[in-house]
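Okay, so here's the structure we're looking at.
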Amino acid sequence: MGEPGSLVTGDRAGGRRWCLRRVGMDAEWLLLEDGNEVTIGRGFGVTYQLVSKICPLMISRNHCVLKQNVEGQWTIMDNKSLNGVWLNRQRLEPLNVYSIHKGDHIQLGVPLENKENAEYEYEVTEEEWDRMYPCLAPKNDQMTGKNKGLRTKRKFSLDELEGPGAEGPSNLKSKISKVSCESGQPVKSHGKGEVASQPSEYLDPKLTSLEPSEKATEVHVYPGSTKVIELHHKKQKASNPSASHSSLALFRVTMSRILKLKTQMQEKQVAVLNVKKQTQKGNSKKIVKMEQELQDLQSQLCAEQAQQQARVEQLEKTFQEEEQHLQDLEKEQGEEDLKQQLAQALQEHRALMEELNRSKKDFEAIIQAKNKELEQTKEEKEKVQAQKEEVLSHVNDVLENELQCIICSEYFIEAVTLNCAHSFCSYCISEWMKRKVECPICRKDIKSQTHSLVLDNCINKMVDNLSSEVKERRIVLIRERKGESV
C-alpha cells in the first residue's frame with residue numbers, strides 16, 4: 001500500500017473520525033468519510049482495493065458496501081460476495097443492510113486451511129485524526145491518479161529531449177529582434193523638437209507591421225527544424241514517409257513567410273527614403289544609419305531564404321532515398337516481425353498457463369475452506385439431531401411412567417381423577433369399583449370421580465407422534481371398551 005499523505009487535504013486536520021482498524025496492524029486502516037459511500041473489493045471501481053497476496057480470489061471485485069443511513073448510523077452490506085462478510089463472527093445475508101457500532105468485528109472472507117483467522121479482519125473504531133492519519137490506506141482512485149501522473153511526467157520528459165533540437169540552425173528570430181532594437185534606439189533618442197517626432201510617427205505603422213512578421217517567422221521556422229530532427233529519428237526507425245512529406249510542406253510555408261518579410265523590408269526602405277526627404281539636414285546621419293540597418297536585415301533575410309531553399313532540395317533527395325530504404329526494410333523485416341509475433345504469442349500462452357495454475361490453486365484453497373465449513377455445519381446438525389432424539393426418549397419415558405393406567409398398563413383412555421388425586425381409565429376404575437370402592441393405589445374410599453380433559457388432549461397429541469403400531473393398538477382398545485360398555 002502507498003503513502004497515505006494524499007488521502008485528504010489539510011482542512012480535515014483535527015477531530016475524531018470513524019474508521020475500520022485492521023486487526024494486529026498499524027497500517028492499511030480504512031477511513032469512513034461522513035456522507036460518502038465506501039466500497040471495498042479487488043476491482044478497480046471501488047474506494048479501497050484489497051489484493052490478497054495469499055489468495056487473490058478470496059476478495060470479490062465489489063465485496064461489500066459501507067454507508068450511512070438517514071440517522072447518520074454507519075451500515076454494512078454484503079454485495080453478493082463469494083466468501084462472505086462476517087459481523088461479530090456471524091455471516092451476513094447478501095444485499096441485507098446491517099448497522100455497525102464501535103467495537104464491532106468485521107471479517108472479509110474465510111480463513112484458509114491451517115489458519116485460525118482470515119487475512120482481512122477489521123475493528124470498527126473512532127480515533128483522533130492525528131492518531132489515525134499515519135495509518136490510513138490510500139484510496140483506489142488516488143493510486144490510479146499517481147500512475148497517470150507518472151505516465152504524464154514520462155511523456156513530458158520525452159518531449160523535453162526533443163525540445164533542444166527544435167531550435168534548428170536558423171537564428172532568424174534573434175537577428176530580427178536585435179535589428180529591431182537597434183533601429184528603434186535612434187527614433188526614441190529624439191526626445192525634443194518637432195523634427196524628431198515627425199519620423200517617429202511615420203515609422204511606427206511599419207514597425208507594427210514588422211512584429212507580426214517576426215512572430216509568423218518564429219512559429220513556422222521552428223516546427224520545420226523540429227521535423228528535420230524527427231526525420232533523422234524516423235530514418236533510423238524506418239517510419240512512414242508521409243511525415244517527411246508534411247515536413248517538406250512546412251518548409252515551403254516558411255519560405256513564403258520569408259518572402260513576405262522581405263517585401264515588408266523593402267516597403268520599410270521606401271518609408272525611410274520618404275522620411276529622409278521630409279526631415280532636416282541635421283538628421284541625415286541617423287537616416288543613413290537606419291537605412292544601413294534595414295539593408296543588413298534584408299541581406300540576412302536573403303541568406304536565410306537561400307539556406308531554406310537548399311534545405312528543401314536536400315530534403316527532396318532524402319525523401320526519395322528514405323522511401324527506397326523503407327521498402328527494402330519492409331521486405332527484410334517481414335520474417336523477423338513474424339518470428340517476434342510468434343515468440344510473443346508463446347510468452348503470452350505461458351503466462352496464461354501460469355495464471356490458470358495459480359487460479360486453480362486458489363480455487364482449491366477456497367474449496368477446502370468451504371469443505372471445512374460444511375463439516376462444521378454437519379457436526380452441528382448431528383448434535384441437534386441427537387438432542388432431539390434425547391428429548392423424544394425422555395417424552396416416551398414420561399408417557400410410560402406417568403401417563404399409564406396402573407390397572408391396565410396402557411395410556412389413559414378417558415382419564416378420570418379420583419378425590420385422592422390419582423388418575424385411571426374410566427373403564428378400568430368402573431370395573432375395579434365392582435369389587436372394591438377404594439383407590440387401587442392409596443386405598444382411600446372413592447367419593448368422587450372427575451374426567452380430566454387435559455390429560456386426554458395431551459395423550460392424544462403425544463400419541464400422534466408415536467409409531468403407527470401404538471396408534472392402532474390404542475384405537476382397538478377404545479373400540480373394545482366402548483362395545484363392552486354398550
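Cβ atoms are placed via backbone N, Cα and C, with glycine included.
As stated in TrEMBL, the feature region 'Required for interaction with PIWIL1' covers range 68-72 out of the listed 68-72, 93-97, 263-267, 288-292.
Residue counts for the domain 'RING-type' (405-443) under DSSP (helix as H, G, I; strand as E, B; rest coil) come to 8 helix, 9 strand, 22 coil. Note on the coiled coil (280-394): its mean pLDDT in the predicted model is 83.
In terms of DSSP helix, strand and coil, the domain 'FHA' (38-92) has 3 helix, 21 strand, 31 coil.
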